[in-house]
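Student: Relevant sequence annotations retrieved from TrEMBL are reproduced here:
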- His55, His103, Asp192, His196: Mn(2+) binding site (BINDING)
- 32-110: domain 'Manganese/iron superoxide dismutase N-terminal' (DOMAIN)
- 121-222: domain 'Manganese/iron superoxide dismutase C-terminal' (DOMAIN)
Amino acid sequence: MALRTLASKKALSLALGGARPLAAARGVTTVALPDLSYDFGALEPAISGEIMHLHHQKHHATYVANYNKALEQLDAAVAKGDASAVVQLQGAIKFNGGGHVNHSIFWKNLKPISEGGGEPPHGKLGWAIDEDFGSFEALVKKMNAEGAALQGSGWVWLALDKEAKKLSVETTANQDPLVTKGASLVPLLGIDVWEHAYYLQYKNVRPDYLNNIWKVMNWKYAGEVYDTTLA
């Protein structure tokens with residue numbers, strides 16, 4: 001798996017959400033911290049500017065740095081034929097690469113209220129939600145319940161099974177991306193339920209964070225992903 005990954009740098013970049021490639025010492029395709037399309041404080045009062053700054057500039061940036069470092073170490077290990085090192089690096093690549101993938105989606109899932117954040121989904125996605133969950137309110141209730149019940153750290157997702165053409169709610173542990181639950185699952189919305197996403201503002205009351213994040217949810221983005229996937 002590692003050899004195939006290194007042999008196809010373009011495929012690796014696409015697998016990580018189309019991240020911008022940077023030139024690295026040995027030609028390894030690394031990733032960069034994506035810019036936000038809004039100011040850190042633009043999601044207040046749902047999410048504080050302090051949380052957004054730390055979340056983006058510290059946590060996501062650390063995943064990017066550690067992922068790139070692990071890729072370069074993997075390249076060196078493969079070049080030396082060090083199979084033990086190749087195997088050992090898989091955990092760091094999955095964790096930090098997953099952290100980058102998940103957060104890159106998360107930033108797009110959010111939008112200031114002044115720019116339409118929180119507006120309910122319309123079009124095909126809105127109809128699909130009604131069909132698969134009964135109502136938009138029922139979907140929100142289900143995602144909040146599963147997110148609140150998730151033990152430890154992880155994510156709760158609104159997923160589209162592109163083969164079955166059906167929506168589902170999924171959870172993943174730690175920084176596992178949604179693809180680890182099934183190759184046909186496409187993330188439409190992901191909510192980060194790690195404490196770093198809410199603790200400075202909501203303390204240990206995760207349900208309050210989950211209730212308020214819907215006020216800044218970018219359903220337009222989710223709808224575009226849904227339409228593109230099924231086109």
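Using N, Cα and C of the backbone, Cβ positions are placed for all residues, glycine too.
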Student: For the recorded Mn(2+) site formed by His55, His103, Asp192, His196, which further same-chain residues have Cβ atoms within 8 Å of the site's Cβ center?
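Tutor: Neighbours found: His56, His59, His60, Phe106, Trp194, Ala197.
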Student: Using all protein chains shown, find which of the binding-site residues His103, His196 scores highest when you count other CB atoms within 10 A of its CB.
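Tutor: Per the Cβ count, the most surrounded site is His103.
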Student: Any same-chain residues 6+ apart from His55 (Mn(2+) binding site) with CB under 8 Å of its CB? Would you list them in sequence order, or say none?
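Tutor: Non-local contacts for His55 (Mn(2+) binding site): His103, Asp192, His196, Ala197.
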Student: Averaged over the domain 'Manganese/iron superoxide dismutase C-terminal' (121-222), what pLDDT does the prediction give?
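Tutor: Per the prediction, mean pLDDT sits at 97 for the domain 'Manganese/iron superoxide dismutase C-terminal' (121-222).
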Student: If you count Cβ atoms within 10 Å of the Cβ of Asp192 (Mn(2+) binding site), leaving out that atom itself, what do you get?
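Tutor: Around the Cβ of Asp192 (Mn(2+) binding site), 24 other Cβ atoms lie within 10 Å.
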